[in-house]
Structure formats: structure tokens, C-alpha cells
2 protein chains.
Amino acid sequence: MNPDIRRERENASFDVDKLTNILNGGPEKTKRRREIEALVFSDPDFREEDPNFLSRSERYDQAVRKSAQMILKLREYGIADPEEIYFYKSCVHPGRPSPLDLHLAMFLPTLLNQATPEQMERFFMPTWNLEIIGTYAQTEMGHGTHLRGLETTATFDPATQEFVLNTPTVSSIKWWPGGLGKTSNHAIVIAQLYSLGNCHGLHAFIVPVRDMTTHEPMPGIVVGDIGPKFGFNEVDNGFLKLENVRIPRENMLMKYAKLEPDGTYVKPPSSKLTYGTMVFVRSMIVSESAQALAKSCTIAIRYSAVRHQSEIQLGEPEPQILDYQTQQYKLFPLLATAYAFTFIGQYMTQTYHRISGDISEGDFSELPELHALSAGLKAFTTWETNSAIEVCRMSCGGHGYSRSSALPDIYVEFTPTCTYEGENTVMMLQTARYLVKSYRQAEAGQRLGGIVSYLNESQDRRLQPQAVAARPSVVDINDLSSLVEVYKQRAALLVEMAAKSIQQELQNRKSQEDAWNNSAIDLVRASDAHCHYVVVKVFTDKLGEVGDTAVHSVLSALALLYAMHGITKNSGDFLQAGLLSVPQVLQVSIRIKELLSQLRPNAVALVDAFDIHDKKLNSVLGRYDGNVYEQMFEWARRSPLNATEVHESFHKYLKPLRSKL
Amino acid sequence: MNPDIRRERENASFDVDKLTNILNGGPEKTKRRREIEALVFSDPDFREEDPNFLSRSERYDQAVRKSAQMILKLREYGIADPEEIYFYKSCVHPGRPSPLDLHLAMFLPTLLNQATPEQMERFFMPTWNLEIIGTYAQTEMGHGTHLRGLETTATFDPATQEFVLNTPTVSSIKWWPGGLGKTSNHAIVIAQLYSLGNCHGLHAFIVPVRDMTTHEPMPGIVVGDIGPKFGFNEVDNGFLKLENVRIPRENMLMKYAKLEPDGTYVKPPSSKLTYGTMVFVRSMIVSESAQALAKSCTIAIRYSAVRHQSEIQLGEPEPQILDYQTQQYKLFPLLATAYAFTFIGQYMTQTYHRISGDISEGDFSELPELHALSAGLKAFTTWETNSAIEVCRMSCGGHGYSRSSALPDIYVEFTPTCTYEGENTVMMLQTARYLVKSYRQAEAGQRLGGIVSYLNESQDRRLQPQAVAARPSVVDINDLSSLVEVYKQRAALLVEMAAKSIQQELQNRKSQEDAWNNSAIDLVRASDAHCHYVVVKVFTDKLGEVGDTAVHSVLSALALLYAMHGITKNSGDFLQAGLLSVPQVLQVSIRIKELLSQLRPNAVALVDAFDIHDKKLNSVLGRYDGNVYEQMFEWARRSPLNATEVHESFHKYLKPLRSKL
């Protein structure tokens, strides 16, 4: 092991394993996670060539091979718990989505949720046994976020008892579904249902897209890969053009809505039933943000402990770059964020399970809050993580740009989370809609419960933009609960400002919709402040559960850094609202520097606690043993351009050039 | 042409060509630029396959072919002006660096600057005729920014009159030089010169690395490609390991420093002579920031004009997404930034030429200022542009992730500018060193000239952190010169705070070096504020040169937006310093919304004025004609995964899987 990184570990002030258990949700979880990792990483069937050395087609090929193996092994080992399947998969395809993801995570669950018993009879076993390989085709070239705008049609033909499916325009071609291009032979197609001349809105249809024996496209179907992307190179995101494709009436998923043989449409009993999945997926993305950021911090901080550069003291040995204040200021707030997001991810998962328990008992009361929270936190955490990964990458100097660092891959595989499952700005506006609605309820005298209950207080206190001069003095910037309070008041104020902007626009005779659009900047800002408050609060609450003194101490420093860093980055908000005074903001800057020094000796141990297996990290810079340079050289020598000593282009172009000049 | 985008152009309030000429530096420049573009883009020899559809080796191959063609054509057409060569190259390899870049931009110029007449005799013609293909090997695996730390040695052996070159450790292996991996047969190697037992520091040596006939590596040399990176796929960035490689004494570049045959070392007359190139390259990067951002804005804004989504008014047609306030708030400040950076790029180039004129007449007085300015602005503009490109990409929804949008490529090719030619944080600290030095000179009663002269004023006024309450009232937020003034005062204050932080540390008995490191956060912040001030000032000054009323009006709105957006993003600074009051900051937010509406009708015309050729943009989303979806479908169908209807992995893995389940 590299002596620098060994010394870092020796100097840690807390027991790393204890913290790992907290992050995993208990020692049992840590144990089981390590078991699954050992299972996958010791399995020769999952050995792979570094995808960075392969062509797109070879990458896809390798991913299909491993996915097929994975299906076999999961059954062999009897791994059936969804969480464990998910984790197993994340080891088989470390950090990368795979061609069968939509089959497992969308096609199969949609069947389970929306198929009638008869349909289950027909489709379930073939799907389970991979005779049917499915995907979920919703997004079109011209429509993503705004589902009502989808143009694909499924028109019922009573004469033949069939639906006729069409993508009538170029913009209606299905676009993006994972696994659609080359892998799937079936798709659940979301289309506007027409029957007897009426449109009944969007419904789901099972459409065979390729022949189950030959895998050739079915008649009327044009299907293929949408081409290379930023990341997702293992996945054949596809397009699907439908030209009078006929499927039996029984291929419409009819557990809820129905179409009778005579063309009569029967409405579903409730529209809220599909809400849950969306909330669940967004909660998962919050945890994925934490994971991506934990990986990036692990790489950047370990590398900063072994990389030496420049001089602080002339003539002295070059210091570890982790000793530079600027490097600490780049990385430690992100480390704190990785912890904050891990805890908010846990919180979201717990809240989801609690509320979905209520829902299954018919209690939908907390669903709107959960929906708003998951939308906002999905946007908040993915945006933060997205830019944070790049800060980590650039903090590694030139080597961060090498694919061997893994940081470019972490970025390109993560960044789509800002757009899929709900575009982030749209998500923030959905959260804002809930906040403004709650604000108005409070204004109308209703007592709010749950996480927005702070909007009652703002009514009670009647906050003004220039706040009471006396308030700042009561804030103790070294006290986390005091900081939670100022974050809360900031959120309350920004929600109020957004609501008032809408009101102002309405008074200027704007329509409700224009008033909303003309206040959108304020609305996004309010949602952002709300989410920020929730994250600071949950991190602070989490400290109350930590018994071990040493762990508690280092986590408290991280929580304080997270809260204080957010204040300096948004100091205008806090000053504008009169929540903090100018001297307090200056004090916060000074305290941040102290916290950086305080966290410095524990930095490596704090990333070690994420306990990310070297094979999962797959980074030359982030290796546990710190032997960076030797491995980088070894990796480079395997680069395909080094397969021959002299590249053919020398003989083809460079040598002949001489005689022409 | 797409009717939406045609209507946008019809609604523009100014003459696009007039603005293009301002951006290009005059109608003559526009004309010549278009001539060169036509020359390249109509030339069948430069036709290429989309690199996104090729393997790394094929991309490299295609780039070498085009580079060889380019050398021939440049001579054929007699294009010899460096600026025109640079532009021609940027059309041949649109947006991409090429394998011969370092031969042309580093090897050849270094030869011209540092070779003796005898060396020119030996090396120039072979280099000119591409018999010698060279690169510049400075960076090592373990050392980038801190040049003094380089470990490669060149030890003089008087007995044979040779230098013996070695990379004595793994970390000293030369790493990153472009064209080193496969293309070059020579390298200018930067190494520590040892003679008669003494080390004389870094010098440049011409080292043959491959045989000029067979292109096989020379004895003692291990050379190759460093492997795939984030971008730069056409370039064979390489490694070079030297094991007792012997070169004649005459291969040390000896125009300035010399080594006599008896091993006596002769110092160079001045150390400032190599300064100029560095300053020039950094100035170029500022203009490249402007160009990358102009491209990104062109793509995002044109696409936002043809993309329709969602509903502002229920039941109305879906609006262009450019009508959403959130979309305008994402893109228009970036559009303003692209203009600001274009003008600061022009300013840097002019300043460089003016001062290098002085230098050639022996007047070095303005060099430190130029050096500080180019370092800071390089960092400031590349950081801003780096994150701005990603905002543009994500503003295009899912399609921004497709390689067909060109946005992923713009990002990965641009992002290295944050690290190469001086790591950005280090650059900011260099600028800060100059600012603090100037501050101290002013404090000591010296009158400062040039761009830091504002530091005199801060001495005159003796600014305090809590500023005089009376000052804010004199600021007119709608007056650009008034905003320049507050940016200036913010910079002055932050320089003062950084200087005082150092002083405070020194009083706490810290060493000079630790005091500096412990103030580094403040120092970077001060540099950032200084650069921000310069950019706002130069943009404002530029308006004075614009005669056309319509163009002046739209540029003024952009300048105002740029300045005001910077204020809201850094409102804490302005409030903390008492430079603006809370009501003023609120007013700025409201004015920004008005400016967004005001700029909306001209948005497409403002990106058209950048006049970026479709072939240079190479983006399906940013096409001039707006026919986005048809072209995206066509592009996708050419994806290599669609070469066969059924991918072989179906037969290899998926079909056999069925029988096993």
C-alpha cells in the first residue's frame, strides 16, 4: 500500500466500519452487500474487457453476454428480493445501465401491475423465461415530459377485433426506450386510444416488434438503435416506427381501463394508482445521486492524498495536494454533500414505504406531499451531483480526463438522471405548485401538517422581505438546529415571494397561466430552498441516531460544513431576508476554513467508509491501495492503439506525404 | 426552412450581418472567413464519416488522413498567415484537435524561437517537410503544473559529447503530449540538465523517438498512446519512457542557454523571453471559450425555437419552449456571456499585440499585468463556459444527450481547457498574487496604473467591510457604467479582504507560505471578482464603438443582462459590502425578467449573428433550417448498430438462454 494513504488511515479518529454500517442501514446490510459483491467479483463468468477499449458494438455484445449470465445466476442462487437483484446487477454492470434493464424494471413490473389474469396467463411465463424480451415505449421524438402530447395512435377495428397502431408523423416515432433498438422482441407501447371515433387518451399496448424466432422486425415495423450518446453505450436505446401494425384487442393492458369487443370504453376506477411507481423511481434516483457522488469523492480524495505537487514551503518536499486549502474547499463540501444525500436517500425510501403502506390501506392523504418531495429532491440532488462529479474530476488535474480515472464514465452515466423520469426544471415546478398551494391554504387559515408545516409559521410571523432587525442576533451559527431554522425561514420567505409574484402578475391582468410562467424563476428558487432545507434538516436529525462519540463528532463536522457551505453559496438569500447579518456571514466563512482543517485528517477514512469495492469503482486514481502511477501505465499499455507498434496511418498518409512536399 | 425559425428571423429588430461584422472585427474579416470555409467545406478531400460512428483507431486514421491533406492544401493555396492557418484547421477538423497540432503549434514554433542558426540548418527543412514530425514533451505522469518538480534528466557525458536522457521513476514518464503516442518521430523533451555534477534546471532537447524510415521506436525508448480520454479521441496523447537514451550535445536547444563542449554551462540572458508564448496561448483560450459557448447557444436557442412542449394555456397549441421563462433564464444569460467573452477575447488579443510590441522594443513594464490578466481570464472564461455548455445541453431535454446534437462533443473537447496551459485554480492564484502585490504597493503610497488602478481608489476611500450606508443610493442599476462601478468596488473590497486575511495569518505567527495557503479561498474569490469586473467593463466599453442604433440597442440589453445576472448570482457579495441595498437587489431580479422578454424576439437572430457554418456546428438540433426531427432519424439509421437488422448477440446469448431457463 502507498505509504501516504496508509498514514492517512492510521490518523483517522473514528472506526470506519461503524460508519459504514450507519451508511448501509445496519451491520446485517453491510454483510449481505459484501456477500453479493464477493459472489459477482469472484465469478469468472463476469470477467470483462474494459469497455473503454471496445467499440460500441463490442460493448453492447459484452453487456448482453453478462446480462444473460446474470439471469441464470440469479435463479441459480435464488436471489429474488428486488433490492438484492438491483444490487447484484450493479456489480455485474458496475456503474453502467444494461440492455435488459427495461425488461426487468419496466416491462415485467408493468405486466404485473396492469395485466388482467388472462393476460398474465399469456404473457408472464414467456416474459419470465426471456422468450419475450420487452421494453417500455413511451417517449417520442417530439414528446417527452408532456405526456398528453404523445401522438402515437391505437385505433380499434371492431370488424377484426384488432387495434391498428400508427406513428403518424416523424415526431411521433418512439425514441429513447432502452433495449428497444436491438434487444427486445416486444414493447409496451403507450398510445392514444381511439374507438368509435372517440379518443380516450393514453393506454398501454403489448406490441410484438420482432419475430420471436428469427428476431427480424415484424411487418409494418421499423425499429433500430438511435445512435451513440453521451454515456449509455451498452444500451441500445431505440426508435420504433409503426405503420398500420395490427394487434389483437386482448393486447391492451386492461386491468384498470377496458375496451369491450363492441368498442365501448370503460374508465379506470382511479387515476392515482400509477403515481406510486413514479415516486418510487424518483426516490431511487436520490440514492443514486448519493452513490455517484460517493464514488467521485472516493476517487478524488484518495488521489489527492497520494498526489504531490508544488510547494507550500520553498525547499520542502512537495505536499500532498489534499493539503491545499483550495483543494479542501473543492472536495470537503462535496464529501459532506455525499453524506447528506445518502441520508436523504434513506429518508426518502423510508417515507416511501411508510406512505405506500398507508396507500394500500386506502389512505392517499400523504401522497401529494410525497410526490412533491420526490420530484423536488430528485431535481435537487441530481443537479448538485451532476456538477459535483465534474468538480471532482477537475480536481484530479490532467489524469481526471483519462478514462482510467473512471470519472468521465461516472459523469456520462449519471448525467441523464437530470432529464429522465421527469426533467429537473419541470420537477422543481411541480414541487413549487405544491408549495404555493400549501402557502395559500395556510394563508386561508388552514393548519398545514407534514414537512410544509413551516408555512404556518410564516403566516404567524408575517415575515417581511426586510425582516425584523432583532432576529439575526438569535441565530447561533455554530448550532446546527439554529441553522436548520434559518434554512426553514429562507424557504418560507422564498415560497412567499413566489406566491406574491404570481399574485402581482394576476393583479396586472395576466391569466393564471401567464402569471405562473412569469413567476417561474421565483418558483424554481423556492423549490430549491425548500429541498435544501429538507436536506439540512434530515442530516441534522440523523445525528440524533448516532451513538458512537467519535463517529458522531466527525458526522457533526460534516453536517455543519454542509449547512455553512450552503449559506456562503447563497449568502444573498440569507442577507436579503435579514436572516443573517453581515458579520455572521463573515463568521461562517471563517468557520468553514476551520472545519476544512478539522476534517482534513479524517478525509480518507470518510471516503473509505463508503466501502466501495475497487472493482465497482474501477478507477486507477481511486484504488484502495493508492498505487496509482504503476497501474495507470499498465492500463495505458493495453490501449487498442498500442496493439501495433506502428499505426497503419503512417504508411498510408504520413510517409507518402514527404514526397509530395 | 422550418416555419417557426423563419418567423423568428422575420421578427428580428436588427441587421444580423452588421452584428456579425462587429463580432468578426470588420466586414473584411467576415468575408475572408467565409472564403476559407467555402474552400474547406466544398473540398471532397475533406469529406469524412461522422467520428461518432467510428472506432478510436478509425477516428485517428481519418484525422491523420485529413491532416496530411491539409498540409498539402495550405501550401497549394499559399495560406501562410498563422491566424488563417488556425482558422483553416478549425474547418478541417471542426471542433476537434488533431494529431499534428503539436507539430504545428509547439514543435515548429519552439524550434523557431529557441534553435541556434546551426540547429535551424539541421532541423528546419525536415520539420517543414514533415520528415521530422515533432511534439513537445513536458508534462510527466507525476508533474504538471509545478514545472520545477519535473524528474526527467539529461546528463552530459563529456567523453562522447552526448546527453544521456532518463526517466528514472514511473512518475517521471512523460505523459499527455499530443501526437506523441503514434504520430511523432521526434520530441522536444524538457529535462533537468546535469553537467559536471551540477543541476542547471530545465532545458529543451530534441530527441528522436522513432526511426524516420521504419517509424519503429528508437533503442531505449518506450513510447505509446495513453489510452482513451474524455474527448480528444483523434489525438494520440502519448507516454515516453527514456532509458539511457543518448543524443548529441548539439540537440540541446541553445539559442539562449548553452552547454560548452567541456561541460561548462552558460546562463540565458533573460528569463522573461518564454513568458510571451504562454500569455498568447492563454489569450487564445479566452477566444475559444467564446467560440464554444457561441456554438452551444446557437444549438440550444435554435432548437428551443422549433421544439414545442406542454401547455402554458390549457387547450392552446403547445408553445415553443423558448417561451418558457425558465428556458429563457437558462439560455439568455449564457447568450450574453458568449457576447461578453467574444469581446474580452478581442480585447486580450489586442492587448497582447500592443504589449508584445512594447516588449520587442525592450519595454517589459506591462508584462506582469498582461500575465496576470491572461491567467485569470483564462480560468474565469473556461470555468464559466465549461458549466454553460452543460446547461445548454440539458436545456435540450433528452435529445441534448444524443451525439447528433454535437453538445456532448463540444463539452468533452472544450473541458480540458480548464486544466491545460495552467490549471485554473493555480491560474486564479497567480492573478491573486499580482492583485495582492498591487494592493500592497497602493497601500505603501505607490500610484498604480493600468487595470488595477482601482486599487488606488480603495486606498483613497478606505473601504470598510460594512460600507457607508449612503453609498448604495448613488447606484443606478439601469445604468451600465454605474454597474461597472459596483463590480469594481466589489473587486477592490475582495482584494482587500484577501490581503487582510494574509495579514491576519501572519499576525498569528504563520509563515508567509502558510498564510498564503490559509487565505487561498479568499484569493481565488478576489481574482474571480477582478476578472468579472474586467469582463463587464470591456463589454460596456465595446458599446461605445457600436454606431448602428438597432445593434447598439440589442447589445446594450445583453450587456445589462450579463451584468445584472452576475449581480443576482453573487448578490451576497454586493449586499455584504453594502454596495447594493436589499431593494436594489430585488429590483435587479425584476429587471432581469424584463430583459428576458425584451431579448426574446431577437434570440434566434443573436445566435445567427455568430454565423457558425452548419458543417462547423455539425449538430442536428442546431441546423440553420430548423429541420431537426427528419435529420435526427436519418442520422440514427446510419448508426453502426443498425448495420445488420439482427445483432449477433441475439444468436450468441439471448436465444440459447431460453433453453436454460
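Using N, Cα and C of the backbone, Cβ positions are placed for all residues, glycine too.
Under the three-state DSSP scheme, B:GLU421 (active site, proton acceptor) falls in the coil class. According to TrEMBL, the feature active site, proton acceptor maps to B:GLU421.
According to TrEMBL, the FAD binding site annotation covers B:THR139, B:GLY178. Counted within 10 Å of its Cβ, the other Cβ atoms near B:THR139 (FAD binding site) come to 20, all protein chains included. According to DSSP, B:THR139 (FAD binding site) sits in a coil region rather than a helix or strand.
Taken from TrEMBL, the feature domain 'Acyl-coenzyme A oxidase N-terminal' covers B:15-133. Computed over the domain 'Acyl-coenzyme A oxidase N-terminal' (B:15-133), the whole-number mean pLDDT of the model equals 96.
According to TrEMBL, the feature domain 'Acyl-CoA oxidase C-alpha1' maps to B:275-436.
Residues or ranges marked as domain 'Acyl-CoA oxidase C-terminal' by TrEMBL: B:479-657.
Proximity to chain A (Cβ-Cβ distance under 8 Å) holds for the following recorded positions out of B:THR139, B:GLY178, B:GLU421: B:THR139. Taking H, G and I as helix, E and B as strand and the rest as coil, DSSP gives the domain 'Acyl-coenzyme A oxidase N-terminal' (B:15-133) the counts 89 helix, 0 strand, 30 coil. Remark: B:GLU421 (active site, proton acceptor) has B:MET278, B:VAL281, B:ARG282, B:ILE285, B:LYS378 as non-local neighbours, by Cβ distance under 8 Å and separation of at least 6 in sequence. A 10 Å cutoff on Cβ-Cβ distances gives B:GLY178 (FAD binding site) a total of 25 other Cβ atoms nearby, all chains included. DSSP gives B:GLY178 (FAD binding site) a coil state; it is part of no helix or strand.
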